[in-house]
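Report on the following structure.
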């Protein structure tokens, strides 16, 4: 057996990285997906020419108000442009599977193309850009509004002003609407904008594919399936769009169990963009653009988009964001949800104070002109109820929430069913209990998954399951299930504990599902929802902008049903409905000249009159502070519709004209901004102006690190002055505008000591990389509660260098990392530099790989955690001085690893940025290099952040020696490269260790002695993936191996340059190593003769060659000797000297021949016609001595032709021949 290199250590002992989704494998990453040149990709081709809507903007009209002739002409012009571009695409050999086209809101078309053809299309005249479309996942909220309308003053607005949405059209871009629901109705068709005749005319004029449904839902189309089925159907149907639509504009009889939305008299467009195909859980940006395009043609006033792509970028050239901007410019109000991902790291841990970039708000709501909506918890929850009948107790009702499972009402038909308590639902809790045909009750306290609870109940024959979820998951938990076959329902923590108490008392419990409803207080009423996504945007834009109820919202489902859902998806339709009411006021009272002004005024009215919500988070509540929730979380505050339709004044920031202030980066201690208060009314008004100032609360964690608790705290020592005073009065005459100057002074700003809230520290000390400055400027009527509504302008800025906080997480080789995932890995996701012997030990100076093609650590791949969005990443290899040796790759628009309870990965694996060890297409020499990553922030004029990983190339194998004695191994490993990582002990090829031994270990004692006949190896592994093993003998062997070389023999002459060495070895133990001139020789066991046979080819130059023979057995006994052979692969030379006649006269009886004989050895034999005429023998000392001799001979001639064969033969038997013919004349 040889000292062999091993391709990889035993798999059980590899230090593995986490398995992550991103696996580019050399492809191009675009928007989180990897594409090869031939991969099909869905794109939007944007044309250089303007869309039709720009004409309407220039005319100051809504597009739908243009004449039918003008609209048709504009659309035909765009269509002709698109037709020309498509023809050119075909001419250039690009195959496109066309999907749709857009002519009004956006000039372009969508289709599937090869990724590699994108550049070809972009190079064509008339093409502005080719966009890879955004993918949006189907909404995941499932049945989890009667009271939410009170929170936003909807009913008060209906009663006092009569604004109910009449004449307004709200497009709902979502999963679909059931137009037959009895709450989907108009009280009267008088004043409706879209009649059947209008819709029919629009369909014909614009060639729309949808159709008229009802007066309430005058138009709908399924853009995902390209049909007119606008219902959300199928096994995974969430009825999300129907729930959203009910919140916007349901118009049911609340006394008879129906509900009313915020704008009950508005008409709704059913713009269904999600497929009914259960295998297609996504939709795409081009589908959204098409829906917006059609909505503009139909004259929509408001569009609701309850969707989002977490932690996105503000991207003005993005097709969806372009479409939204153009829609707003045409007078369409866009209400878009903020997202449900809370903040960076949510579900893992709270962010570090050193990483202030915690925002995760999603696109397309980042579009500046849209209004992005955060979520507040509803005051009450409307739920289905079940009746509990316990032995000896009065019956009582509790609320329950349906899951993605059969409905108990449909299965049990109000039949009373016995309930059996089975603890946490694990199999052992069922032992000795009869559950067949009964409902089981489970209290989840640990980590036994909800899907496992489901499966165990099904296996036991239960009829249904009632679950009280983990306390941390809250009331009425939404359970992740696996296609359940039986009904499952969740209850509140309080009600679940009450049921548990009955069973602990030994009571027999029965329940019945009777279809009745119950209204219960929400334990988190009027608090910001835990899930609502925080701002700001990556470039410090102000988002979200307003809050509405989104937690525990009761609304419509298909088939005249109702249910509860939670999410910012539920908050946005409150604002969409509210916008319809406010637009009624705007159109009636102000009649803005420009359509964009119409939307902006409505947006500012809604924001100005919103009420900031007091932060009720844990520490704020305990300290009895009165801070507001951060405007980065709630925007301006909770929408107040009555105030929005009644305020006489609007207040905006002077430069932007919007009712919010984005201070962006604050580089000095003082920063100022100017507000403009405009009196829209015909009467004088007066306000007291005051302000508040706050930042994020930081507490010292158990880990010793300061954490951002994502709640507010006062910014002590800092001041806000309004017109150079702490407070100020603003008096406005009718129609008057007045500026208000606000100055924030952060000189000496302090915050609470994270370790002791009774003390304070400089804010710069607690926030080493800068901190947010949040606040509200409030205009309070001097008339008190009977006066005009309070107006609020929120402001947000960042004190410090926005580029100071690192974009990348600290690596696992360093301290204070957030996720502990950032590292360099190989293609098998083994962490480079990881100790195999000591868990969680990662050594930066041991990061190494061996690009030698042995499939073990042949490459370096970056596994990176982004704490912040990166506009660009550049991957390169440098030397230690920083000189770039190879640029590997660049990537753009990479989103932060926000996590969100595991729905987002904690790291990316950039396999496309792999380094294979080559420089200039040649594997680099062993030595030290640097893997460098440059990260660019999405903020103007910021230098890249540079992150460096030292990495070594080491292709040297370790060495190992070992011996065995009575159950104990002794060994020693060494490595000339990066160092020995670990030692593994193998018996018959399998490791006997739970954890490898450290690289400096020298002995190991077996728990069970190996038996004679088993193979025992010591395996040494270095940090670069090189491995070498040493087999040891289990028997005591003091005898040296006996090596017999049967051929060639000593001083045998070999006539070729290659010699075959054959023979055998005999020994009491196995042979560890056998070499000839240092070359390892393969041995084969000959069981019959009990010997190791070998046959090994070697190549030599001519000469007397000495072969060094060495054999070592497993016990370390060594035999050495030399075998000399004579190698003569060169033939001798025979040269005739002088001119030899070919013919002679009849009297010439002999001829003299002079022959030169030569060879590299001095063994020469010369023959003429077989007779030896000369010989010189090879004698000691044996060596290759060149030899030459000239022999003169007389050869007899007879009449006629005389032929002489001359031969010279050398030591090895090589013969060189020459024939001489001489003709003697006969006459």
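Using N, Cα and C of the backbone, Cβ positions are placed for all residues, glycine too.
Taken from TrEMBL as is:
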- 165-619: domain 'Peptidase S8/S53' (DOMAIN)
- 174: active site, charge relay system (ACT_SITE)
- 240: active site, charge relay system (ACT_SITE)
- 418-499: domain 'PA' (DOMAIN)
- 569: active site, charge relay system (ACT_SITE)
- 661-796: domain 'C5a peptidase/Subtilisin-like protease SBT2-like Fn3-like' (DOMAIN)
Using C-alpha atoms only, work out the spacing between residue 240 (active site, charge relay system) and residue 174 (active site, charge relay system) and round it to an integer in Å.
-> 7
Separation of alpha carbons, residue 569 (active site, charge relay system) and residue 174 (active site, charge relay system) (Å) | 10
If you count the other CB atoms within 10 A of the CB of residue 240 (active site, charge relay system), including all protein chains displayed, you should get 26
One finds that other Cβ atoms within 10 Å of the Cβ of residue 569 (active site, charge relay system) number exactly 31
So for residue 174 (active site, charge relay system), how many other CB atoms are inside 10 Å of its CB?
-> 30
